[in-house]
């Protein structure tokens with residue numbers, strides 16, 4: 001959204017608002033007139049955020065079973081969500097979608113300050129997880145039959161056992177494939193996978209009612225539209241490019257003395273200068289990326305002046321968040337020691353996503369707290385936070401320099417800032 005659109009919206013009558021944004025206004029406390037522009041800007045991003053993806057927690061004493069079911073559903077949904085992001089993050093090019101989802105989470109929390117909006121796929125992830133579990137359970141007997149048929153072929157090639165088991169295997173494969181297709185067409189819930197006869201009856205009724213193919217096409221298109229793949233790919237790509245622009249020069253300079261022949265003379269000076277530049281960039285880049293995620297504008301990634309103003313309002317919170325974020329990111333470099341097979345990368349990517357996800361929520365929440373304040377913090381707190389964070393970042397960069405000697409990619413590890421770029425170990 002450009003600035004011209006925001007100015008036009010600000011000039012309209014505030015009494016004329018869409019129903020979607022009216023609910024969002026009630027979630028914000030009364031703010032002074034000086035912050036009206038920022039509030040209006042926040043409302044115009046993603047109107048679907050007004051609906052929380054997490055239902056309210058039932059009263060523990062009055063409804064203990066509902067509360068237990070709520071906890072189980074939330075845990076299962078979050079686990080499925082992280083698994084889904086890890087799977088798409090392990091695929092090249094597609095992993096920009098995973099980065100887009102993480103930035104979307106950061107932007108949602110940054111705009112609203114509500115942790116319950118940090119799980120945009122929580123209403124879809126449990127269904128995806130149940131589909132994976134249901135399909136996997138039905139494939140187990142098929143694998144067992146295939147193994148028995150293979151053993152029969154080795155023991156008695158062309159015999160009756162060989163022919164019968166292969167015939168049973170083919171018939172079972174056809175029946176299971178039809179059942180899985182019907183279960184998915186009916187919704188992919190748990191009961192859909194354990195009631196094959198009811199699925200067949202349901203399909204018969206749908207066909208008799210007419211217009212089934214049109215309804216099915218609408219449901220499929222609606223499902224993929226709810227994933228917002230294109231929007232998140234664009235968000236991830238722009239977030240990646242913005243962070244890369246900030247990191248490419250200091251990271252390249254920092255790697256100048258990494259090779260044995262480059263470890264002396266001018267290369268050392270370039271490395272020291274690159275390390276100093278990297279300390280400064282790493283101090284501001286988390287704030288800049290949160291600012292970009294909140295406003296969904298590529299130019300926001302370079303609005304350092306605006307980010308500095310927000311830092312002055314909550315310096316201690318920013319300092320603590322940076323310490324936590326970089327402490328969580330350091331152990332991830334240990335997973336870059338050995339090169340894994342391509343089909344095993346998603347397991348390590350799962351650890352990356354599970355670690356980076358909470359850091360995005362934290363940075364988004366701190367950004368919202370800073371945006372909600374109108375006055376700068378006491379100058380003593382500002383100077384204290386700067387004084388503490390700079391040496392801590394210097395230690396982080398110092399440790400980062402030695403990760404190239406344990407990483408399988410060598411000095412390329414210094415370019416793989418998984419906290420800001422793609423959340424993958426390669």
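Even glycines carry a Cβ here, placed using N, Cα and C.
Under the heading region 'Disordered', TrEMBL lists 1-22.
Taken from TrEMBL, the feature compositional bias 'Polar residues' applies to 1-15.
For 70-103 (among others), the entry in TrEMBL reads transmembrane segment.
According to TrEMBL, the feature transmembrane segment maps to 124-150 (among others). Beyond its flanks by at least six residues, the transmembrane segment (124-150) meets 73, 76-81, 83-84, 162, 165-166, 168-169, 172-173, 176, 179-180, 183-184, 187-190, 192-193, 223, 226-227 of its own chain at Cβ-Cβ distances under 8 Å.
Under the heading transmembrane segment, TrEMBL lists 170-194 (among others).
Long-range contacts of the transmembrane segment (235-257) within the same chain, counting only residues at least 6 positions beyond its ends with a Cβ under 8 Å from a Cβ of the stretch, are 95-104, 107, 263-264, 267-268, 270-271, 273-275, 277-278, 281, 285, 288-289, 292-293, 296, 298, 301-302, 397, 401, 404, 411, 414-415, 417, 420-422. The annotation transmembrane segment is assigned in TrEMBL to 235-257 (among others).
The feature transmembrane segment is assigned by TrEMBL to 269-294 (among others).
Taken from TrEMBL, the feature transmembrane segment applies to 315-333 (among others).
Taken from TrEMBL, the feature transmembrane segment applies to 345-367 (among others). Through the fold, the transmembrane segment (345-367) approaches residues 82-83, 85-87, 89-90, 98, 102-103, 105-110, 113, 115, 118, 286-287, 289-291, 293-294, 310, 314, 317-318, 321, 324-325, 328-329, 331-332, 335, 418-419, 423-426 of its own chain, all at least 6 residues removed from its boundaries and within a Cβ separation under 8 Å.
The transmembrane segment annotation in TrEMBL covers 388-407 (among others).
Long-range contacts of the transmembrane segment (269-294) within the same chain, counting only residues at least 6 positions beyond its ends with a Cβ under 8 Å from a Cβ of the stretch, are 42, 45, 103-104, 106-107, 110-111, 235, 238-239, 242-243, 246-247, 249-258, 300-304, 306-307, 310-311, 318, 321-322, 325-326, 360, 363-364, 366-368, 371, 389-390, 393-394, 396-398, 400-401, 419-420. Within the chain, the transmembrane segment (70-103) has long-range Cβ neighbours (under 8 A, six or more residues past its boundaries) at 54-55, 57-58, 119-123, 125-126, 128-129, 229, 231-237, 239-240, 289, 292-293, 345-346, 349-350, 352-354, 356-357, 360, 421-424.
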